[in-house]
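Peer 1: Copied straight from TrEMBL:
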- 304-338: region 'Disordered' (REGION)
- 31-63: repeat 'WD' (REPEAT)
- 71-111: repeat 'WD' (REPEAT)
- 112-153: repeat 'WD' (REPEAT)
- 234-270: repeat 'WD' (REPEAT)
- 357-383: transmembrane segment (TRANSMEM)
- 389-409: transmembrane segment (TRANSMEM)
- 440-459: transmembrane segment (TRANSMEM)
Amino acid sequence: MELVAGCYEQVLFGFAARPAESWTIVPDFTHHAHSASLSAVSVNNRYVVTGSRDETIQIYDMKKKIEHGALLQHNGTITCLEFYGTAHLLSGAEDGLICIWNTKRWECLKSIRAHKGHVTSLSIHPSGKLALSVGTDKTLRTWNLVEGRSAFIKNLKQNAHIIKWSPDGERYVTVITNKVDIYKLDTASIIGTITTEKRISSLRFITDSILAIAGDDEIIRFYSCDSQKCLCEFKAHENRIKDIYSFEREGQHVIVTASSDGYIKMWNLDLNKIKDVPSLLGEVNTKARLTCLAVWLDQASETKENSDKAATSSQEQPEKGSLGRCVAPSPPLPQSAPPRVAVELGRRVGERCPRTLPVFSMAVDWLGFGYAALVASGGLIGYAKAGSVPSLAAGLFFGSLAGLGAYQLSQNPNNVWISLITSGTLTAIMGTRFYNSGKFMPAGLIAGVSLLMVGRLALKMMEKPHDK
């Protein structure tokens with residue numbers, strides 16, 4: 001396994017961790033990864049990806065120990081990265097976008113205008129059917145990944161900077177400064193709150209009901225989600241803790257911490273004696289100001305990650321649960337069949353089933369752009385046949401507005417207003433001209449198509465997510 005950590009000095013560190021009674025941590029690589037400080041890191045069973053203030057995502061193949069390329073879709077600091085299984089990656093940034101990547105071909109399958117401000121954190125449900133995100137627009141958004149659109153929007157009193165699903169997907173938590181709100185999936189309501197003295201910088205679900213929390217001090221605290229009481233706390237570093245990671249290996253629960261003091265430390269946690277202070281397994285001094293941390297686990301060594309979701313474990317065995325109204329068990333698939341959740345995720349982000357999805361879930365609003373071209377062509381026809389400059393000007397003006405509306409719909413399927421106003425205005429104008437002249441070309445045609453567009457957009461407005 002490899003401990004990978006990023007820092008303010010633009011460097012990605014890799015340390016090989018060798019399990020024993022006293023774990024050995026030895027340097028493996030040091031790579032000048034970005035032209036600005038690193039802000040996020042994520043791993044799956046093959047790749048490590050890093051995000052930075054330089055607005056790029058760098059990819060590293062850990063099997064071959066080589067650089068694999070860079071992703072350049074975002075126009076802002078990369079704030080969060082999360083793999084789902086072996087085939088997909090979600091990224092969020094300060095440009096307000098969430099991008100869904102295919103990790104086989106490393107192409108952007110869909111770019112979602114997620115928040116009006118920065119995307120500060122995202123988390124994928126263990127089933128892969130839902131994702132949550134928070135941003136600087138004081139909203140918590142639930143994403144329906146099956147249809148590729150926003151499902152719900154919840155207004156928050158303050159900006160949240162962390163969101164996490166529990167491993168069983170039955171609850172999730174948001175972090176606002178020094179406060180952790182615990183939500184129940186069934187009711188989407190707060191069932192408890194944990195408050196700390198200092199700002200929280202990182203948290204991790206150790207089990208379905210135990211949280212490890214670190215912040216702007218040297219202390220790690222374990223809390224019960226059920227009672228919201230502190231089970232144990234201990235001093236882990238000499239400076240503030242920037243990130244926590246956890247995994248399970250052969251029944252041993254290991255906590256890994258990274259701090260601004262430059263140290264990466266590994267701790268052995270006995271869940272049967274949760275009130276006892278974890279024992280130190282090993283440590284290494286990077287002599288850098290660390291910002292983010294992950295642990296790359298080679299699946300061939302039969303290690304199992306205890307991450308915030310069950311996605312990684314589905315790489316080697318069939319998925320045990322499926323999300324409908326809540327997470328309910330379903331019969332296991334044969335070993336020869338691919339994990340069902342991974343297949344479903346591949347279908348939805350790749351949009352392999354367009355016949356089953358509404359027109360409004362397309363990545364590009366082709367109907368809107370086609371309508372814009374028709375309107376502009378109507379103006380050109382009027383000018384060519386009758387030399388009408390007003391027809392030409394009106395056609396180009398309304399065609400441009402329709403094109404802008406189609407572009408906005410492509411970016412955010414809920415942003416229908418420019419398209420609706422344009423098509424509604426043209427329905428009235430061209431409908432009147434058709435009524436007075438009786439000429440189908442181009443007045444009647446554009447009036448009819450505009451009316452259909454109004455109906456289409458009206459249906460779309462009825463699909464808008466409701467605030468909760």
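The backbone N, Cα and C atoms fix where each Cβ goes, glycine too.
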Peer 1: Mind checking which residues reach the transmembrane segment (389-409)? Cβ under 8 Å, same chain, six or more beyond either end.
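Peer 2: Answer is 360, 365, 367-369, 371-373, 375-380, 382-383, 415-423, 425-426.
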Peer 1: Could you give me the DSSP helix, strand and coil counts for the repeat 'WD' (234-270)?
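Peer 2: DSSP composition of the repeat 'WD' (234-270): 0 helix, 26 strand, 11 coil.
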Peer 1: Do any residues, 6 or more residues outside the repeat 'WD' (234-270), come within under 8 Å Cβ-to-Cβ of it, and if so which ones?
Peer 2: 3, 5, 13, 15, 17, 19, 23, 25, 198, 201-204, 206, 212, 214-220, 276-295, 297, 303-307
Peer 1: Across the repeat 'WD' (112-153), what does the pLDDT come to on average, as a whole number?
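Peer 2: Overall, the repeat 'WD' (112-153) comes to a mean pLDDT of 92.
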Peer 1: Helix, strand, coil: count each for the residues of the repeat 'WD' (31-63), based on DSSP.
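Peer 2: Final tally across the stretch: 0 helix, 19 strand, 14 coil.
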Peer 1: Taking helix as H, G and I and strand as E and B in DSSP, count the residues of the repeat 'WD' (112-153) in helix, strand and coil.
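Peer 2: The counts are 0 helix, 25 strand, 17 coil.
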Peer 1: What are the DSSP helix/strand/coil residue counts across the repeat 'WD' (71-111)?
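Peer 2: Once the DSSP states are binned, the repeat 'WD' (71-111) shows 0 helix, 25 strand, 16 coil.
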